[in-house]
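Trainee: Attaching a single structure in C-alpha cells format; questions to follow.
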C-alpha cells in the first residue's frame, strides 16, 4: 500500500518524503511544480537511495487524480499542495481560493470515490488569526484570519470537519504548522522560493549568500521586546516527523483530529538575525520597513497535545536551524536552479 503526497516536491513535502522513505514507505507524489522543482525529488533519492513514483499535475485535475488512484494502491494522503506565501496570496484572493480550497474539495471527493479514507492536511497557525491567548492551544478560536492564505486553510479545515460528519469512515488529521525553517542536514534539500522570499529564513540566507543586499524587517513597532514580530520557529525535519506520527496514530482512525506543530517558544525577527549571525559567523545587514499587511505581533504554540497523543516533540534547537539553513543556502546559492 502507498501514500499519496500532494505537493511532495516542495519544501516541507520533500523533507517528509525523506522521513517516509527512511521507514520504507511506498510513496506516490503529485506536484504541479508551480513553486517547486523536480530536482528536489532527485535529491531525495540521493539522500535515501530510494525513488518515488511521480505524477506532474494539479489537484484540480480530476483525471490525474483518478489515474493515480487507479494505478496505485493508495491507503492514505498527505496533502501539502497549495499556494503558500502570505504575501503572494493577498494580491490574488481568487487564485488562492481556487487552488487551496477547491483543489482540496476535488482531492477529497476523488479519495472517497477510491475508498481512501485517511488524509493528513497541511494547515497553518494562521487559522488562529490575531490570537488573544498566548501560547496558542488547539481549542483557541479560529477563523478570524488576517490574510487569504489563512482564510483558505481555515475553510479547508471546516470542509474536512463537515466531510467527516457526512462520511464517518473518513479520518482527517489537521496539522497546524507554526513557522518552518531549516533544511536537511545533508544540505541537498531546502527552501527554494521563487523571487524575493516571503519567509524570514530564506530572506536572511539569501542576504548571507549575497543574492540580496539587506534584509527587510517588516515592522519595528510591535508590542514585543524589540519591536519586531515574534513567531514559533520549527525545524522542517521535526515538522516532517510530525506527519509520520500523525499518520501512524490516525490511519483509518475515523474522525476529525487537530494538532499544533511548534516548539512552544517564540523568537523575534531580530532574535533570529542574531542567532543566524552567531551560528554562522556572518553579519546580516537589515532595514526596518513598514509592516506587511496581514502580519500580527506574536504567535507561538502550546504543543502539549501532540506530545501527549502522538508522542511527538521537537528535537532540533535554534542553533541547528541556523546551521542547516546556511548549509543548504551556501551549497545551493541559486536553489535547485544550479
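Just so you know, glycine gets a Cβ as well, placed from its N, Cα and C.
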Trainee: Quick one: which of 122, 123, 124, 139 does Swiss-Prot put in the substrate site with 149, 179, 199, 200, 216, 217, 218, 231, 292, 293, 294, 295?
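Mentor: According to Swiss-Prot, the candidate sharing the substrate site with 149, 179, 199, 200, 216, 217, 218, 231, 292, 293, 294, 295 is 124.
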Trainee: Can you tell me how far the Cα of residue 35 (NAD(+) binding site) sits from the Cα of residue 149 (active site, proton acceptor), in Å?
Mentor: 15
Trainee: Please identify which of 35, 124 has the densest Cβ environment, defined as other Cβ atoms within 10 Å, among these binding-site residues.
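Mentor: That would be 124, with the highest Cβ count within 10 Å.
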Trainee: Could you give the Cα-Cα distance between residue 231 (substrate binding site) and residue 82 (NAD(+) binding site), in whole Å?
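Mentor: Cα-Cα, rounded: 22 Å.
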Trainee: Roughly how many Å separate the Cα of residue 124 (substrate binding site) from that of residue 99 (NAD(+) binding site), to the nearest whole number?
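Mentor: Roughly 16 Å, rounded to the nearest whole number.
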Trainee: Among residues 124, 149, 179, 199, 200, 216, 217, 218, 231, 292, 293, 294, 295 annotated as binding substrate, what is the maximum Cα-Cα distance? Answer in Å.
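Mentor: In whole numbers, the farthest two Cα atoms are 23 Å apart.
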